[in-house]
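Novice: Mind having a look at this structure? Questions to follow.
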Amino acid sequence: MKFEDLLSEINGFGRFQKMVLCINFFGRFSLACHFLLGNFIAVIPSHHCSISSLDADEIFENLTQEERLTVSIPVQDDGTPASCHMFSYPQFHLLSNSSSPSEVAVVQCQNGWEYDNSTFISTLATQWDLVCDKRALSRLTTTIFFIGVMCGAAAFGSLSAMFGRKPMLLVSHMLGMGFGLCSAFSSSFIMFAVLRFFTGFTITGSVIISTILNVEWVSIEHRKLVGVIDSLSWTFAFMSFPLVAYFIRDWRWLTVAISLPTVTAIITWWVPESARWLIANGRVDKAHYYLHKCAVMNRKKEIIVIPSVKGCSDKSHGSAGFFTARFAVATVAYGISFNISSFGLNRYLTQFVYGAIEIPAKLSIYYLLDKFGRRITQAGSLLFVGISLMINIFIPKGENKSVVRTVIAVLGKGCSATSFGTVILYSSELYPTVVRQNGMGYNSFVARLGVSVAPLILLSDDVWSHFSQVILSSLGLSAAFVAYLLPETRGRCLPETIEDVEGIGYGYVEKLSSLGN
């Protein structure tokens, strides 16, 4: 008897499965906020050199603030005070609008900076002066966090395969909350960066393990629904987070605000262990215990036959192509999400719209997976992402075009949400039970590598204003081609052993062969 047949007998989407789905939904809600935290705490507000060193003898006593800046800070081409330079001595002649000498002594900031606190009370940049030659460090914190997520994905993938889904899920929630809270009280930038790394390392287990638990407990026909609901937990978090950030403008308290709610994840203790994993590891009695609970809660008959899982070898088909697609999906999706300030509109509103557009995009997955299958949905959504990013390259920047650019970016974000929601379900269906958690861990590792690279790609705009869009567009279009070569999993049972996936890979191999001919 196959496990899917057994699930059908005891109801593959009854009250038991809905309980598992709800617990994991609320357990993951606040974790998604950590992924976008850098959009608000790593902001570099407007700033200029502190002019206190030029006013040692209180010579500015009778000057207004505007006049003090005029005689102390050189003006940039756009008319705003320079951010990183000041005059070596006051230029009082500038007050009379007389022409400045051809050679004015300009030096780097001598006594720190003054920041515009009208939008943010404090950020990482204002806390540790991460500006001018240290400007990249503020963005680097996001990369450090996702490097932690990347390493944690591989680690928790292996740990949950060895010790089970449930205990590692609880460990991930608790450690993630602990490191998150500790990072909010960091006394130095290095301390914060280290703690952000471990926050990312630990919370990623919650992401990949809860997804696997949801998928392994439901029947074939309900996997796509579970995949959509699972991904919507991130969408609601992405919509709620800008509202929280709007009212909490201090980086320390914002970090506390998104870390503390993880304590509610203690309800993970009531999440059942995966019966598939228990059977694959020879713990049939424990599997029978959870299957019995499932049958009782779903008001079905007692379980008599427990399916068995054979041994396995260590190979699978299509992994390289899927890793490539997963890398591109994550890089493009977060490249768009991190780039909320380049369209000229309100940062909070843009982030909210980015989250809101994911609702129809992810709900459409339910229809698309049925109509076109996993492969076409994945490839098609990536194709539209690449096209939307390409269109924005040719739309000139400026206030009169900011709305148009934002609309195109939002449509691209919607398509990237569709591709992301699809890829998570797709990856869980490609791997057999005996290596599914390891496979998801390695896939998540590759995805987080892409997310880690995304902030660095955005820095390439300093070289050319459209450079990052060209890179992200190229990734999306290339990944669409790769995704089209992947095997289809629509309507298939979840593979239990490596032998089960041998047939799934044939379609992939045949496509490569036909392309070669």
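Yeah, the Cβs are placed from backbone N, Cα and C, and that goes for glycine too.
TrEMBL does not curate its annotations; it predicts them automatically.
In case it's useful when we look at the structure, here is the feature table from TrEMBL:
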TRANSMEM  21-44  transmembrane segment
DOMAIN    89-490  domain 'Major facilitator superfamily (MFS) profile'
TRANSMEM  144-163  transmembrane segment
TRANSMEM  175-195  transmembrane segment
TRANSMEM  201-218  transmembrane segment
TRANSMEM  225-247  transmembrane segment
TRANSMEM  253-271  transmembrane segment
TRANSMEM  320-340  transmembrane segment
TRANSMEM  376-395  transmembrane segment
TRANSMEM  407-428  transmembrane segment
TRANSMEM  466-486  transmembrane segment
Novice: Using Cβ atoms and a strict cutoff of less than 8 Å, what residues sit near the transmembrane segment (253-271) while being 6 or more residues removed from its termini?
Specialist: 19-20, 23-24, 26-27, 29-31, 33-34, 37, 40-41, 166, 169-170, 173-174, 176-177, 180-181, 183-184, 199, 203, 206, 213, 241, 244-245
Novice: Pairs of Cβ atoms less than 8 Å apart decide it: which stretch in 201-218, 225-247, 376-395 has the most with the transmembrane segment (144-163)?
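Specialist: The stretch with the most contacts is 201-218.
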Novice: Average the pLDDT scores across the domain 'Major facilitator superfamily (MFS) profile' (89-490) and report the rounded value.
Specialist: 83
Novice: Could you give the residue numbers and ranges of same-chain residues that sit at least 6 residues beyond the transmembrane segment (201-218) on either side and whose C-beta is under 8 angstroms from one of its C-beta atoms?
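Specialist: Contacts with the transmembrane segment (201-218): 7, 12-13, 16-17, 20-21, 24, 27-28, 31, 34, 148-153, 155-157, 159-160, 165-166, 168-169, 171-173, 175-176, 178-180, 226-227, 230, 262, 265, 271-272, 274-277, 294, 424-425, 428-429, 433, 436-437, 440-441, 444, 448, 494.
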